[in-house]
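Remarks on the structure that follows.
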């Protein structure tokens, strides 16, 4: 009806799908015939170049295929990726369609863009009839994909026995490898297709042909544990000791994987069980590492070298101990493995068992006379490593067997020290109960108590104090346990130490006391605790930095208030004359500044250079602080002694617009020059602070005010044109040249 009424028979969708294409796709035979009778474009393709014939071959609509062929459809027209109608019919196994296309001279060697042919895909999918048809019509069965994969290779990979036989009967190259050197036999062995393997061998496949990485068919069959395939290969004289390019043998790989039957097969066929990998790892080594008990027993029964080590000195026993394979360890010991054989850094099997916490293995080794105090090269003992990792049961075993409880590493760290450092409470108690030296320090004179205070481990600190640890024992820089607890803000530890008569005024070598460091870090509770104990609140560090000064410097408001409440000297200065107020103003700590002012801090007290608190606040642009100081009658024109710079000069130099306005509003001397003769206006012109220039000019700054060296504003080359124009607009009458 639509066609009779002049409907456009070839009008396509947005994806170029025509009415004929969709009718073919759905297999509507009558509709296809009507469209063909009305001259529909038989080769009209979609936007991916799929033709009507292509889609019916894919779907297997036999009648429609015949119709299209009868109407001269192009049966070699391919999709974007080079796939032909015949290709897809072969891929899907549509036998009748394939026959039809062949009968009509379709190009059966036409490949996809990656070199894959119709025969290739039929072989991969195991479509026996289609394969036979293509071969009968002289399809090129030697034609490979771009990566060198032949039709025979794919048939072998998938285990399609009939197809393999067919190709062999037609003289397919049985040893044709992929670009990576993998042969049809190798791929069949990998996938365990024993019938295919037998077929290939019967037809003279090269049984020892290896891939580019020297992987043989036997190796890959062993790796995958395909027992039948391995037996076939061995029966046909496969090279049993043929190694990969990294010197891994078939026996090595099965020992690693734990394929017991295959191991026995290889041993029965005289495999070299001491043949090692590039790094010296033997088959026994890997079996021990993986805990394959039966395999280990097999190798031992066949006289494998029990003490054969990896190049770095690691033995089979070592790895079994590290991994905690108890049965394997017992087996090796029973067969006289060297129990004290160490790796390059001196670590013994016992050391590693202790490190990993393998209790049964540790007991086994000790029962067999392992050296319990054998240390690694840095002096760490078996007990040390067990304490470091908190393995309580292992520690008890070692102590019961007379391990040296105070044996230290080369840096002087004892088992007790490391247990304290890592917070292993039970271990610490165990060591103390067994008379560990509680005050044994590291080479830097760090004691167990110091390290516990540093870490903030309350239980351990209490334990050590209860057992008479040296409460004032200091590190080599003079820091005491109390100092480090105060440093880190560990309140409970501080209280404990104070309760036990720790020296509250004991200073570090640089003069820093516990209270100083607590103030520095803002630990309010700790500061209060120390003040409550009547510590000297005005004691200074070596640089004469007081507790109040350092608290003000770091902006610790609560601490500052606490110190002031306890009569700290509010005007106590550093050696360079900087007061607490000065440093608070410098750093812009507004609340602290207000607190100090409220408590009568000397607002004009200057540093030795003559810099006042206001000067520093102006220099750093702390607007609120500046306002506060001005409100409290700070000397607005107070200049520095060394160069005569005023607060206004510094604010201008740094371009702090709000601060400049504040100072001008409060009658700052707008023309006050530095000792060099540079005025505030000069410096802002030099720096290019346009807004500040305008501000100063508006407030009657002397625009002809010269430097002592007689340079005028205009003669300073650094001034920008747009700054000069501000001056011109003020009707400058005279400019010195």
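Every residue gets a Cβ built from N, Cα and C, even glycine.
As recorded in TrEMBL, the features of this protein are as follows:
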| type | residues | note |
| --- | --- | --- |
| REPEAT | 15-47 | repeat 'ANK' |
| REPEAT | 81-113 | repeat 'ANK' |
| REPEAT | 180-212 | repeat 'ANK' |
| REPEAT | 213-245 | repeat 'ANK' |
| REPEAT | 279-311 | repeat 'ANK' |
| REPEAT | 411-443 | repeat 'ANK' |
| REPEAT | 444-476 | repeat 'ANK' |
| REPEAT | 477-509 | repeat 'ANK' |
| REPEAT | 510-542 | repeat 'ANK' |
| REPEAT | 576-608 | repeat 'ANK' |
| REPEAT | 609-641 | repeat 'ANK' |
| REPEAT | 643-675 | repeat 'ANK' |
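Sequence-distant contacts of the repeat 'ANK' (411-443) (same chain, six or more residues past either end, CB-CB distance under 8 Å): 378-379, 381, 383-384, 387-390, 392, 395-396, 399, 405, 449, 451-452, 455, 457, 459-460, 463-464, 467-470, 473.
Residue counts for the repeat 'ANK' (279-311) by DSSP state, with H, G and I taken as helix and E and B as strand, are 17 helix, 0 strand, 16 coil. Remote same-chain partners of the repeat 'ANK' (510-542), defined as residues 6 or more beyond its termini with a Cβ less than 8 Å from a stretch Cβ, comprise 477-478, 480, 482-483, 485-489, 491, 494-495, 498, 504, 548, 550-551, 554, 556, 558-559, 562-563, 566-569, 572. The predicted model assigns the repeat 'ANK' (15-47) a mean pLDDT of 71. Sequence-distant contacts of the repeat 'ANK' (477-509) (same chain, six or more residues past either end, CB-CB distance under 8 Å): 447, 449-450, 452-454, 456, 458, 461-462, 465, 471, 515-518, 521, 523, 525-526, 529-530, 533, 535-536, 539. Tertiary neighbourhood of the repeat 'ANK' (279-311): same-chain residues 249, 251-252, 254-256, 258, 260, 263-264, 267, 273, 317, 319-320, 323, 325, 327-328, 331-332, 335-338, 341, selected by CB-CB distance under 8 Å and a gap of 6+ residues from either end. Counting residues per DSSP class in helix, strand and coil order gives 16 helix, 0 strand, 17 coil for the repeat 'ANK' (411-443).
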